Structures are given as structure tokens and as C-alpha cells.
């Protein structure tokens, strides 16, 4: 897979960008803050409908603009698809595929497949559980676009359930002894059923994914850091004890176990006013030997583990018969010589690689020799603020 052309309008610092891309390795050179990362972020947003840098859409729209647009023509095994996404900071985003408007932007999932490695990926190892959950959910949505809808529905149910637990605390505590309490508990029962059903689908998909990813993560880490301890990953849930007797996890078993755990923790949830059970509280344990990587890994081991997660993701998507686009965002300056060479070796075997770097000297020498194209990103101050420009001679 590769992107043949990319167009941006009012996306962050880019009032307008039109660039033709080719298979091979393309690099965007520009000083920090000039807007080079915005280019690859836009491609990643088109692939995942989310940014690796921010959690909301508002920062993606250029100051004083009403919306932003990202358009790309993707080529996959000779077939071209044109994807267009309109990003609205205060309304629902809109999308079209081959100039035909689609019902929801989620229908674009899978049109562009990317794997992005960036300095922010250290948070996969050192950060909060939400980072690791998102890592899994993004891969699942890329491979099974329907699951993005399931996860969105789960999030809506969770929000409604939490709202009930917070606003109807007194009624819920009174229980079935009052009409108001009985009504609140009946509503909570309804949310419990939906939370368990949707949550079971999310968890089953995560379990299945980790079963595939685990060996690939181990292999990638062993290749990158052969002198280090072996890497392993384990899914950690709020219902671990209830599932421990099963060797395989299916949605039906998980749903029943979730319902049991929700019933057991109901009083605590009412007291705390929040949902204590479900995939929104799960985590992935990243292990080096018998120790968790978080808190025990060295800086080099942390980089190696983060890179291994992305390499495993890439290899998994590639095994689905599609070479995803590999994006390397300002990472070569952060890696030691050994890890740089490992990454160059991978990049040379990928159909399309997009790289950002602050200066040309950040690139390994053997990578410079195989570049397909190089673009320079600069900036210009205007009446409406600083804007980014591509390949403009001073």
C-alpha cells in the first residue's frame, strides 16, 4: 500500500498543501515547530480517525478556520481509493470515499493503513493504561473496522452508566424500597446488560489480538535488543479471577463474567459514582523477564520495547496481505546506532516509508543513499499567523 497524493486544507499550520508521493522512502526535513509532523499526523488521522498527539479535534483545525480537510489517494495492490475527511471542531466530522459521501467517517477505516513510530510511543511503556488500550483498539479497528463502532457504542453506554451512578446516587442507595430507587436500579440493570455485551466484544477482540501480537513482540524485541531480557505481554482485566479457569476467552464467557462482577461490585460503584468493571479499566502488562517494563526498564530498553510494539504491529498488518505505510516521526535522533540500523533495515523492505527529521544529519548515512524523495518544510509569518510551506526556496 502507498499514498499517491495528499492534500491538506487548514490543517494545523497548513492553509494548503498538495504533494505527490511515490513508493519508497520519502523524508520531510524541517526545524521543530515548522509543521513537518503535521503532515504525517494528518495521514495517521485518516488511517485511525485519531491523532497520536492530541485527544480532541479542535487543535487540528488552523486558527480562524471553520474546519480542516484531509484528502488522499491510496493505492493498494493496484486499486486506487480517494478518501476525503472534513474535520469539524464543534460538529460531527464528514467523510467521502471516491467522491461519494459515507454515512460515518468510520467507513474510511482500512482505506489507509499506517504504522507510526514517534517519540510519544515511549508512553506505551511508561504511560498510563489508556495508552496501551488505545494501541490495541487502533490495531483492532484497522483490521476489523466494525469493532470501531462497537467500541464507540461501549463508550456511550459507559458515559450514560457513569452519569446515572453520579446523579442518582441517593435513589440507588434507597434501593427497591422507593419508587424512585426501583426505577433507578431498573435503568442500571439495563446499562449493565449493554455494558457487559459490548464490553465482552471489546475484550474478546483484545485477547485475540494479543495472542497474535505476543510472539511477534517477543521476536522483534529479541532482534532489537538481543542482550536484554525477553519481552512478554499479558492482558490484565478487572475480571482476571473470574476468567482464570478458562483457557480460551470468547465473548459469551466474558459477558457472563462481567455481569457477575458488576453485580458483586454494584454497591461499591454506587458509593463511588463510577463504573469499576469493564474494558475501560483494563491494561496490558509489558514484561521484561519477570519484571514489569514500566518502572524497571532502562531508557534504552524502554525505546526498544516501544519500537518492538510498532514492529510487531507492522508485521501483523503485513501478514493480512497488505503492506501498511510506515511513518517514522523524528525518531532517528533519539535512537542509538544499533537501533537506527535495525530501523533502516526494516524501512528498506517496506513499500512506502514517510520520515520526518529536523535536519538532514539526523538521518543514518545508509538511509540517505536510498531515499526516493526529500522535501523541505519552512514557515512564513502572515497576518493570520505563522503558516507552513513545502519546498519553497528562500
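Backbone N, Cα and C atoms are what each Cβ position is placed from, and that goes for glycine too.
As annotated by Swiss-Prot, ATP binding site applies to 30, 31, 32, 33, 34, 35, 36, 37.
Most buried of the binding-site residues 32, 37, judged by other Cβ atoms within 10 Å, is 37. Within 8 Å of the Cβ centroid of the ATP site, not counting the listed residues 30, 31, 32, 33, 34, 35, 36, 37, the chain contributes 38, 356, 358, 377, 379, 388. Neighbour counts were taken as the number of other C-beta atoms within 10 angstroms of each residue's C-beta; across the binding-site residues 31, 36, the minimum falls on 31. Note on the binding-site residues 30, 33, 35: the fewest other CB atoms within 10 A surround the CB of 33. Neighbour list (residue 34 (ATP binding site), Cβ cut-off 8 Å, at least 6 residues apart, same chain): 13, 377, 378, 379, 388. Secondary structure from DSSP puts residue 36 (ATP binding site) in a helix.
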